[in-house]
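Database features (TrEMBL):
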| type | residues | note |
| --- | --- | --- |
| BINDING | HIS135, ASP137, HIS191 | Fe cation binding site |
| DOMAIN | 117-220 | domain 'Fe2OG dioxygenase' |
Amino acid sequence: MDALFGDDLLARPRRQLADGATWVPGWLTLDQQAWIVARFHEWADGPVPIRAAKVRGHEMSVKTVCLGWHWRPYEYTREAVDVNGNRVLDFPAWMVRLGRLALAEVTGDPSGGDDYTPDTALVNFYDDQARMGMHQDRDERSLAPVVSLSIGDTSRFRFGNTESRNKPYQDIDLASGDLFVFGGPSRLAYHGIQKVHPGTAPEGCGLAAGRINITMRVTGLTG
Ligand SMILES: O=C(O)CCC(=O)C(=O)O
Ligand SMILES: [Fe+2]
């Protein structure tokens with residue numbers, strides 16, 4: 001019984017890091033995580049294969065595949081003009097629903113996500129060495145919240161302020177199944193991934209090594 005109802009139920013309570021920024025540890029079940037990982041492998045195969053985007057001529061250490069709209073610094077297009085010119089996959093209806101559930105969760109209001117219709121997702125894969133420097137998500141024309149889901153190895157996430165990449169910031173460990181939402185006054189906060197902790201992916205999450213992060217967004221674009 002001690003193991004079944006162990007202290008781990010208490011260990012990772014949800015936390016509001018700033019106005020509009022909420023972390024919900026362990027939001028996705030292992031079955032949900034494994035199902036999403038299976039979808040990830042399908043997306044990574046194409047029509048636009050997963051690739052490292054280039055920022056000012058340098059490949060990012062993270063590899064990205066997009067849904068709905070294709071992102072490259074600092075623009076969204078329907079076709080992956082910097083990869084193979086193919087149109088990206090449609091944004092899946094199940095992911096719209098998941099985004100709405102995420103907002104309902106963080107707002108504490110069952111209808112809190114009803115108006116949320118994300119139309120792009122950046123699906124990132126991190127190996128042991130991958131990082132993401134401090135940045136703002138600001139290639140979208142909409143300031144609707146960003147919904148972030150993590151699967152696989154735990155990683156150190158730095159959540160900063162809206163003024164600069166520097167302090168004050170908070171470092172948290174995003175683990176497999178964690179939800180993080182940033183919107184409202186936190187929508188343009190700088191953030192990044194400092195480090196992946198190898199070998200920390202839980203059994204059954206569908207990913208033996210590395211980390212997947214999905215960020216759903218509203219581009220505010222038409223066409
Ligand atoms: O991997 C993460 O948790 C964050 C990813 C991110 O900031 C992005 O894709 O813009
Ligand atoms: Fe980001």
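Every residue, even glycine, has its Cβ placed from backbone N, Cα and C.
Note that the structure is predicted; figures quoted are calculated from it, not measured.
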Averaged over the whole of the domain 'Fe2OG dioxygenase' (117-220), what is the pLDDT?
98
Is HIS135 (Fe cation binding site) helix, strand or coil when read with DSSP?
strand
Taking only same-chain residues 6+ apart in sequence, whose CB is under 8 Å from that of HIS191 (Fe cation binding site), what do you get?
MET134, HIS135, GLN136, ASP137, PHE157, ARG158, PHE159, GLY160, PHE182
Translate the DSSP assignment of HIS191 (Fe cation binding site) into the three-state scheme.
strand
Environment of HIS135, ASP137, HIS191, the listed Fe cation site - residues of the same chain whose CB lies within 8 A of the CB centroid
MET132, MET134, GLN136, ARG138, ALA189, TYR190, GLY192
State the count of C-beta atoms found within 10 angstroms of the C-beta of ASP137 (Fe cation binding site), not counting that atom itself.
17
Per-state residue totals over the domain 'Fe2OG dioxygenase' (117-220) - DSSP helix, strand, coil
3 helix, 45 strand, 56 coil
Across all chains shown, how many C-beta atoms besides its own are within 10 angstroms of the C-beta of HIS135 (Fe cation binding site)?
13
